[in-house]
Amino acid sequence: MTIEERTNASLVTHALARDTLSRIRDVETQQVSFRKGLVKLGRICGYEIIDGAMETEYVPVRTPLTEMTGERVTGLENIVIINVLRAATPFVEGLLKAFPRARQGVISAGRDEEAGMNERGEFPISIDYVKLPQITPEDTVIVADPMLATGSTMCVVLDHVLSDQPEPAKLFVLSAVSAPDGLLRVSEQFPQADLLTVAIDDHLDENGFIVPGLGDAGDRAFGTD
Ligand SMILES: O=P(O)(O)OC[C@H]1O[C@H](OP(=O)(O)OP(=O)(O)O)[C@H](O)[C@@H]1O
Ligand SMILES: O=c1cc[nH]c(=O)[nH]1
Ligand SMILES: [Mg+2]
């Protein structure tokens with residue numbers, strides 16, 4: 001069975017998403033181009049979510065010449081985007097171009113790289129800051145993080161997002177690059193989530209980095225190492 005058959009994962013299929021991801025994977029791509037690539041990917045993924053998951057309605061439109069029936073996307077006022085600091089910041093900047101009226105939440109989450117992975121392939125995650133909007137049952141919640149590696153970060157983030165809140169109408173976990181381990185872990189713990197990703201890569205290395213991946217997304221976008 002493929003990983004998509006074993007989980008709720010599906011691929012963002014837009015050719016420009018694959019093009020942009022391939023450019024930012026390149027080790028020669030420097031900070032500014034890398035960050036701009038993540039912004040562009042976020043915008044494309046946002047449009048893909050609208051295309052695949054949102055309803056439209058017919059509306060009367062009066063053009064300068066005549067009256068006609070037009071079409072509008074519904075539900076754009078019920079979008080919540082969660083930014084997993086820090087690597088998701090440029091990704092969310094792009095998503096906001098598709099969802100300019102989204103309510104936003106922020107969670108600062110970091111893997112304890114020094115502690116390393118435990119025997120279950122999980123990292124300890126430190127959460128330093130959480131500020132979330134109230135979620136309603138009408139909302140579509142998009143939790144954005146460009147990298148889904150072991151899934152440790154996303155599971156802790158989803159615990160925070162969903163605790164003491166009504167279940168949203170739809171829940172998307174949006175990533176640029178995912179590893180099979182992370183998709184399996186998040187799918188198992190949060191079967192209600194749709195996992196959207198531009199690529200499902202091969203495996204994790206011994207340090208929990210996605211291979212082939214793109215390296216450390218936060219460091220490359222923020223110019224740190
Ligand atoms: O699936 P996981 O194994 O948990 O790894 C994925 C996490 O790792 C990266 O964040 P990192 O901890 O490097 O923080 P940063 O965004 O500040 O670089 C990435 O942005 C994810 O949040
Ligand atoms: O490959 C990886 C894994 C976790 N975080 C990253 O930024 N890259
Ligand atoms: Mg990082």
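Every residue gets a Cβ built from N, Cα and C, even glycine.
Some features that TrEMBL has for this protein:
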DOMAIN    13-224  domain 'Phosphoribosyltransferase'
BINDING   K36, G37, L38, V39, K40  GTP binding site
BINDING   R86, R111, D145, P146, M147, L148, A149, T150, G151, S152, T153, D216  5-phospho-alpha-D-ribose 1-diphosphate binding site
BINDING   I210, G215, D216, A217  uracil binding site
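Sequence features, as recorded in TrEMBL, placed on the structure.
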residue : record                                              : Cβ neighbours (10 Å)
K36     : GTP binding site                                    : 18
G37     : GTP binding site                                    : 27
L38     : GTP binding site                                    : 27
K40     : GTP binding site                                    : 22
R86     : 5-phospho-alpha-D-ribose 1-diphosphate binding site : 17
D145    : 5-phospho-alpha-D-ribose 1-diphosphate binding site : 26
M147    : 5-phospho-alpha-D-ribose 1-diphosphate binding site : 27
A149    : 5-phospho-alpha-D-ribose 1-diphosphate binding site : 28
G215    : uracil binding site                                 : 17
A217    : uracil binding site                                 : 26
Taking each of the binding-site residues V39, G151, T153, I210, D216 in turn and counting other Cβ atoms within 10 Å of its Cβ, which one has the fewest?
D216
Mean pLDDT, the domain 'Phosphoribosyltransferase' (13-224)?
97
Please report the Cα separation of R86 (5-phospho-alpha-D-ribose 1-diphosphate binding site) and K40 (GTP binding site) in Å, rounded to an integer.
17
Rounded Cα separation (Å) that holds between K40 (GTP binding site) and T153 (5-phospho-alpha-D-ribose 1-diphosphate binding site):
23
If I take the alpha carbons of A217 (uracil binding site) and K36 (GTP binding site), what is the distance between them in whole Å?
12
Can you list which of these binding-site residues (G37, K40, R86, G151, T153, I210) have a Cβ closer than 6 Å to ligand 2?
I210
Whole-number Å distance separating the Cα atoms of L38 (GTP binding site) and D145 (5-phospho-alpha-D-ribose 1-diphosphate binding site) is 10
Taking only the binding-site residues K36, L38, R86, T153, D216, which have a CB closer than 6 angstroms to any atom that belongs to ligand 3?
D216
